[in-house]
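As structure tokens, the structure follows; a few thoughts come after it.
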């Protein structure tokens with residue numbers, strides 16, 4: 001009973017962490033951080049006990065709601081996701097002590113901490129929910145607290161719009177999940193979540209259940225084209241909330257898709273092909289939009305879509321392997337997807353905290369107004385740059401090992417004769433890797449290198465240790481997993497075995513120990529090269545200034561000009577809005593060029609569609625006569641129609 005008790009402790013500590021500050025405690029921020037740190041220790045202990053000691057657990061209590069039970073289960077899949085869900089909120093709470101504090105946030109900080117704790121508790125509950133009604137209850141709590149955190153600064157119209165778009169998308173997802181779970185309950189006779197009967201996937205009800213649940217989970221995960229809420233919400237929210245949204249809330253959608261893969265014992269092949277194609281297309285398109293963004297947080301938001309798309313690629317590979325009866329594909333696809341899920345859950349909060357630190361120091365997220373921050377903010381620059389290139393899957397950080405498993409899975413698919421899917425995965429991963437490297441090279445170079453472009457960049461300063469400490473901790477964990485991925489092999493094996501029985505050992509297909517050996521050998525070489533470079537004589541020389549007599553910082557590459565060649569290649573997708581300069585006279589002045597790439601689907605599809613729907617519904621206002629007897633007549637007519645439909 002130790003693990004269930006620790007889990008309940010973690011759940012309660014996280015959920016109640018914001019209450020002391022809401023009740024007026026003077027040290028509300030520190031109390032919340034302490035409670036979340038204790039919840040993190042308890043959650044990590046539960047995760048380790050399930051994944052490394054094989055101690056599964058289950059709690060099943062009655063509930064007054066029809067069909068509902070307070071059923072919680074500690075299985076390997078949930079335990080794997082529980083590790084970052086327990087750790088990251090404690091880091092973000094400590095970060096928020098320096099970021100969202102002071103007189104400017106005195107009114108909103110207690111409320112935000114309260115909602116943050118509720119969100120953290122709902123995330124912990126979702127990792128172990130074993131009943132569909134309980135799952136939807138925790139899911140709705142997560143959705144509502146997310147809305148309340150996003151709109152913390154609701155005096156801004158853009159923040160309010162982003163919050164409403166998020167709320168509409170969240171409730172659309174809840175409706176899809178409710179419909180899908182209802183079909184599953186009809187097939188199994190209960191709302192208990194678990195393996196489904198053999199042959200159910202071949203029925204129309206099974207196909208509809210899969211598609212409805214896939215759409216509902218993908219909407220929360222932010223997989224394109226169901227990503228429309230994500231860029232605005234991540235940009236509008238406070239930075240530590242953006243880190244939670246990207247690092248943890250998106251993972252609940254991915255966890256749902258992973259469980260969906262595990263529940264169906266005999267899925268058809270086209271399900272895996274669908275997930276693979278959606279992942280490849282979504283990832284490439286997301287990075288095209290990321291390259292066109294000037295807003296640092298908005299760029300990171302589109303990058304998050306690419307990362308969840310990589311997880312979808314791996315799950316598509318696992319689903320295809322399951323339908324073809326190829327355990328190696330299930331193992332490599334599932335383990336690669338889980339590894340990358342963990343990598344993104346650690347690296348993306350690090351990057352959003354770095355972006356928040358830049359905003360805290362300069363007051364702007366516009367990369368065109370930044371530059372040269374590495375001299376004023378060396379610790380922030382180091383953490384952000386290391387996290388950025390780690391997320392680009394460069395060694396020695398952890399994302400490299402995760403994508404390496406997916407590449408191995410694609411090559412195994414080639415050997416098994418599945419060359420179409422393998423080429424799609426290899427091409428998707430290669431293009432996404434190149435575009436991700438270009439995206440983060442652009443961000444790090446424009447923000448941290450060169451000269452300050454504006455006065456706000458010139459006045460930048462390093463934040464307090466309460467903000468840099470959590471970034472350093474997450475970077476250390478990522479470096480440890482990158483240098484020693486073998487430590488994660490038992491956990492990956494147990495979690496992947498939940499997808500299908502009879503999987504081969506992971507070490508036989510993916511020798512993770514070789515990566516540790518290469519990384520360990522590369523570190524002394526890199527250290528020696530760095531020491532030699534320090535001893536070499538340096539020489540300072542001016543760069544080519546294009547003939548300007550008095551060059552300024554404004555002649556540096558901007559974020560827009562750096563990526564112009566790549567964004568031009570995706571102009572058909574981006575449909576950029578440009579403001580061209582009007583050049584007049586022999587010596588023109590004040591010429592300015594601006595390019596923006598708003599989300600095409602949201603701005604040119606959903607918003608006009610919503611406006612048309614609002615106009616069409618306004619034509620029915622004559623039905624609102626304002627007389628109670630008429631409204632009662634509507635109710636009676638509806639009941640008669642339902643009765644006639646039932647009898648028919």
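Even glycines carry a Cβ here, placed using N, Cα and C.
Ranges compared are 34-54, 55-75, and TrEMBL records transmembrane segment for 34-54. Check TrEMBL against the ranges 115-139, 315-339 and you find transmembrane segment recorded for 115-139. Of the candidate ranges 471-492, 537-558, 559-580, TrEMBL annotates residues 471-492 with the feature transmembrane segment. Two recorded stretches are said to be in contact when at least 3 C-beta pairs lie under 8 angstroms, sequence spacing 6 or more; the transmembrane segment (205-230) and the transmembrane segment (628-647) fall short of this definition. Contact between the transmembrane segment (376-397) and the transmembrane segment (164-185) is not supported, since fewer than 3 Cβ pairs fall under 8 Å when only residues 6 or more apart in sequence are counted. Counting only same-chain residues 6+ beyond the ends of the transmembrane segment (164-185), those with a CB under 8 A from a CB of the stretch are 67, 132, 135-136, 139-140, 143, 146-147, 150, 191, 196, 205-206, 208-210, 212-213, 215-217, 219-220, 226, 228-229, 232-233, 256, 263, 602. Contact between the transmembrane segment (471-492) and the transmembrane segment (512-530) is present: at least three CB pairs lie under 8 Å, with pairs separated by 6 or more positions in sequence.
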